[in-house]
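Chemist: Questions regarding the structure given below will be posed in turn.
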Amino acid sequence: MPVITEIEDLKRIYKRRVPKMFYDYAESGSWTEQTFRENSSDFDRIRLRQRVAVDMEGRSTSSQMVGRDVKMPVALAPVGLTGMQHADGEILAAKAAEKFGVPFTLSTMSICSIEDVAENTSAPFWFQLYVMRDEEFIANLINRAHQANCDALVLTLDLQILGQRHKDIKNGLSAPPKLTPYVIADLATKWRWGIQMLQTHRRTFRNIVGHAKDVDDVSSLHSWTAQQFDPRLNWDTVKNYRKQWDRKLILKGILDADDAKKALDVGADAIVVSNHGGRQLDGALSSIQVLPQIMDAVGDKIEVHLDSGIRSGQDVLKALAMGAAGTYIGRAFVYGLGAMGQKGVEEALRVIHSELDTTMALCGEKDVKNLGRHNLLVPKDFEGDWA
Ligand code: GLV
């Protein structure tokens with residue numbers, strides 16, 4: 001096995017092994033990709049405060065996310081089409097998360113279904129919901145997640161219509177891929193991916209194919225979103241979901257303090273400060289840049305999580321020190337999955353954990369729960385002076 005010392009190592013192998021269409025799907029932001037880039041580069045603007053001669057023995061990264069014990073406050077984010085990055089990808093990622101002791105979140109737009117993941121794991125996982133026009137289908141989906149023992153529903157609020165990602169259109173993104181001459185030429189160098197894919201029967205959107213009606217092209221994310229996703233979703237709808245779901249409710253896609261207050265009003269258990277990995281509103285601020293104003297608005301009243309831009313344990317530490325109670329990795333685990341399946345996701349978690357643990361120690365902290373602004377050097381203009 002190659003020596004993996006950083007997430008970038010997994011990304012390099014991932015790029016070699018996975019068809020370009022799916023690499024591009026994960027590695028894109030919408031339009032100019034400004035927000036996608038700044039999600040990561042804004043983490044680099046924050047510096048860490050080194051402290052010395054502090055007893056570093058007996059460190060702990062353990063914490064809780066929505067009441068669940070976690071080995072570190074880093075959940076696996078919901079990522080569409082994960083089962084196209086590697087055969088049975090969602091099952092493998094969920095197994096890696098379970099083994100490591102962090103939550104796995106299954107996307108509505110996954111390849112493996114809720115039932116597939118439930119049958120192959122024992123830890124409860126979280127289910128991410130996109131609201132669709134077909135109310136009966138959604139009620140059924142929520143019921144399936146409940147039956148499968150999902151202990152949190154992660155309701156995504158920032159994708160009722162799809163932000164354009166140029167490469168997906170140019171590549172003709174679909175699951176399974178259509179075998180055009182270009183795709184066949186690409187697959188010729190990705191034979192390992194192809195062989196593994198031929199060995200599974202899970203190659204389409206199994207949460208929805210056979211359950212939802214009126215979609216012309218069942219293999220296309222674009223068709224699903226255009227025809228099925230409900231653009232009418234509003235805070236009253238969110239309130240209804242709060243009533244229907246009796247376990248933890250996490251609202252994902254909050255990027256504004258006013259919306260954070262609304263999430264509080266509907267009785268959510270947590271919010272995820274997120275711009276969908278820079279895949280939706282290009283030109284929006286990075287998640288880490290808006291975190292301080294959201295903490296000021298609701299930080300003492302609701303659990304605040306953050307995703308978008310996290311590629312290292314240092315990034316996790318910065319988000320936690322800025323006030324987040326939990327974080328999510330999406331691309332960072334997908335690189336590992338595409339590179340080497342379950343083992344690769346385990347490696348991604350190991351790398352991030354080790355970076356978090358060592359960096360925490362060098363900041364003079366022994367417990368992840370004690371991280372705070374005192375560990376950071378944040379530029380005075382970090383939040384920006386926007387009119
Ligand atoms: C969601 O499923 C996405 O593609 O960002």
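Heads up, the Cβ atoms here are built off N, Cα and C, so glycines get one too.
Note: TrEMBL annotation is automatic and uncurated.
The structure displayed is predicted, hence computed values, not measured ones.
As listed in TrEMBL for this protein:
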- H276: active site, proton acceptor (ACT_SITE)
- Y25, R165, H276, R279: glyoxylate binding site (BINDING)
- 78-80, S107, Q128, Y130, T156, K252, S274, 307-311, 330-331: FMN binding site (BINDING)
- 1-381: domain 'FMN hydroxy acid dehydrogenase' (DOMAIN)
Chemist: Within 10 Å of the Cβ of G80 (FMN binding site), how many other Cβ atoms are there?
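Modeler: Within a 10 Å radius of the Cβ of G80 (FMN binding site) lie 23 other Cβ atoms.
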Chemist: If you pair up every Cα among Y25, R165, H276, R279, the residues annotated as binding glyoxylate, what's the maximum separation in angstrom, rounded to an integer?
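Modeler: The two farthest binding residues have Cα atoms 13 Å apart.
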Chemist: Other than its own, how many Cβ atoms are within 10 Å of the Cβ belonging to P78 (FMN binding site)?
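Modeler: Summing over all protein chains shown, P78 (FMN binding site) has 25 other Cβ atoms within 10 Å.
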Chemist: Here's one to test understanding: among the recorded positions Y25, R165, H276, whose C-alpha is closest in space to the C-alpha of Q128 (FMN binding site)?
Modeler: H276
Chemist: Where ligand 1 binds, which of the binding-site residues G80, T156, R279 are close by, with Cβ under 6 Å?
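Modeler: The qualifying binding-site residues are G80, R279.
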Chemist: Could you state the whole-number distance in Å separating the C-alpha atoms of I310 (FMN binding site) and Y25 (glyoxylate binding site)?
Modeler: 18
Chemist: With an 8 Å cut-off on Cβ-Cβ distance and a minimum sequence separation of at least 6, pull the same-chain contacts of T156 (FMN binding site), or say none.
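Modeler: In sequence order, P78, Q128, L129, Y130, K252, G253, H276 meet the Cβ cut-off.
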Chemist: Could you measure between G330 (FMN binding site) and R279 (glyoxylate binding site) for me? Cα positions, answer in whole angstrom.
Modeler: 12
Chemist: Which whole-number value in Å describes the distance between the Cα atoms of R279 (glyoxylate binding site) and G80 (FMN binding site)?
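Modeler: Between the Cα atoms of R279 (glyoxylate binding site) and G80 (FMN binding site), the distance comes to 12 Å.
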Chemist: Once the chains shown are all counted, how many other Cβ atoms turn up within 10 Å of the Cβ of R279 (glyoxylate binding site)?
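Modeler: Taking every protein chain into account, the count is 25.
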Chemist: Would you kindly give the Cα-Cα distance separating G80 (FMN binding site) and Y25 (glyoxylate binding site), rounded to the nearest Å?
Modeler: 9
Chemist: Would you please pick out, from the binding-site residues Q128, S274, the one with the fewest other Cβ atoms within 10 Å of its Cβ?
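Modeler: Checked Q128, S274; of these binding-site residues, fewest Cβ neighbours within 10 Å: Q128.
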